[in-house]
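To start, the structure under review is shown below, and the notes come after it.
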Amino acid sequence: MGQGLAVLICGTAITSQYLASDYHVNTPMLQSFLNYALLCVTYTPILISRTGDGNVLQILRRRGWRYLLLGLVDVEANYAVVKAYQYTTLTSIQLLDCFIIPVLMVLSWCILKTRYRPVHYVAVFICLLGVGAMVGADLLAGRDQGSTSNILLGDGLVLLSATLYAVSNVCQEYTVKNLSKVEFLGMVGLFGTVFSTIQMVILERHELSSIQWSWQIGLLFAAYALCMYTLYSCMPVVVALTSATSVNLSLLTADLFSLFCGLFLFHYSFSALYLISLVVILVGFVTFNAVPTPTSAPSPPSCITEEGGCYDNPAVNLDDVSDKQVVAVAIIVTAEDGQGERRESDKDPRSKMDTRTRSNSKGHIPDGGYGSFSDVVYSTKI
């Protein structure tokens, strides 16, 4: 699925190059606007039609400012990397764009509590070696294209774009795993449309007025928007299944797919290093995903009350528990008394197989039931 996303990025690169080289159209904000507008038209109405906490008004009231910042970050990340092509070379962009990987790992460690193992760092290093082989092949083939008017500014824009993309992707992973994919896409589409429209009017109004529209240009814009829209729609699904870091490692092959297409479309020179680079990146990607990345253990409930338990901590999903976590399940055994009265668990169905403990401060079972704290059973997931 990650390689499918890489193919979509390849589609956006090819359509953008055709627009720039054959029709002299350089309007990155217009292209971004089409993508965000499609997201807004598709997913925001779903949020509007919802009731309760999932409604768009409730989302805006509770965490709207976060999505406002996320929309701004996502728009500027797309703009910065396109702007960098005016100041620095393709080689610098390809190399520095990998800066997103270490930034993602740091943010995932701090925000998402992801804990990496040594094999994951080795896998990332292998992927970066593959990128190095790709850049070497470009240099040998004479594809060190781009401007050199202000290399320092261009490289700074690439690093800024990589950092902003990392922030956006970490926020995306948190949202799709804890809230909703539709909520993420709907809110990013809403705020992305607003910011891209403002920026397009300010920065590209002259370029827009000078476009000589034709069906070919319209088709290229439509193809770009469709590829980008599909990428944004599918990426949350892949992130939910893996992680933002894993997805971005798989996206390193997008430049290689663009190069392979360029062999036929733009007559690029072929080099065996391209194939070596593809194999190396895929090996590193598979190695990274072969070992799971556990998260830090959540803290256990801090108190137990007579009314049915403490709700300070959310319920723990056993499927998400790491191999070193211990889940303490207190099972208080009550029995019928000598008169044959019903057990407490029969009186209250909610108490059956429940982790909420009905006990008093002295440690015995209320309501005349038999048992003591020796009846507490601790189970460990191994």
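Any Cβ shown, glycine's included, is placed from N, Cα and C.
Here the structure is a predicted model, which means the values were calculated and not measured.
As recorded in TrEMBL:
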- 93-112: transmembrane segment (TRANSMEM)
- 119-139: transmembrane segment (TRANSMEM)
- 151-170: transmembrane segment (TRANSMEM)
- 182-203: transmembrane segment (TRANSMEM)
- 215-235: transmembrane segment (TRANSMEM)
- 247-266: transmembrane segment (TRANSMEM)
- 272-291: transmembrane segment (TRANSMEM)
- 338-373: region 'Disordered' (REGION)
- 339-357: compositional bias 'Basic and acidic residues' (COMPBIAS)
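Counting residues 6+ beyond its ends, the transmembrane segment (272-291) has Cβ neighbours under 8 Å at 2, 117, 119-120, 122-131, 133-134, 136-137, 140, 242, 245-246, 249-250, 252-253, 256, 259-260 in the same chain. A contact between the transmembrane segment (93-112) and the transmembrane segment (151-170) is present, since 3 or more of their C-beta pairs, 6 or more residues apart, lie under 8 Å. 247-266 is the stretch from 151-170, 182-203, 215-235, 247-266 with the greatest number of Cβ pairs below 8 Å to the transmembrane segment (119-139).
Residues of the same chain lying 6 or more positions beyond the ends of the transmembrane segment (215-235) and with a Cβ under 8 Å from any Cβ of it are 1, 4-5, 8-9, 11-12, 15-16, 18-19, 23, 25, 30-32, 34-35, 38-39, 42, 172, 185, 188, 247. Beyond the transmembrane segment (182-203), the same-chain residues lying 6 or more positions past its ends with a Cβ under 8 Å from any Cβ of the stretch are 27, 29-30, 32-33, 35-44, 46-47, 54, 56, 59, 64, 67-68, 70-72, 74-75, 79, 172, 175-176, 232-233, 236.
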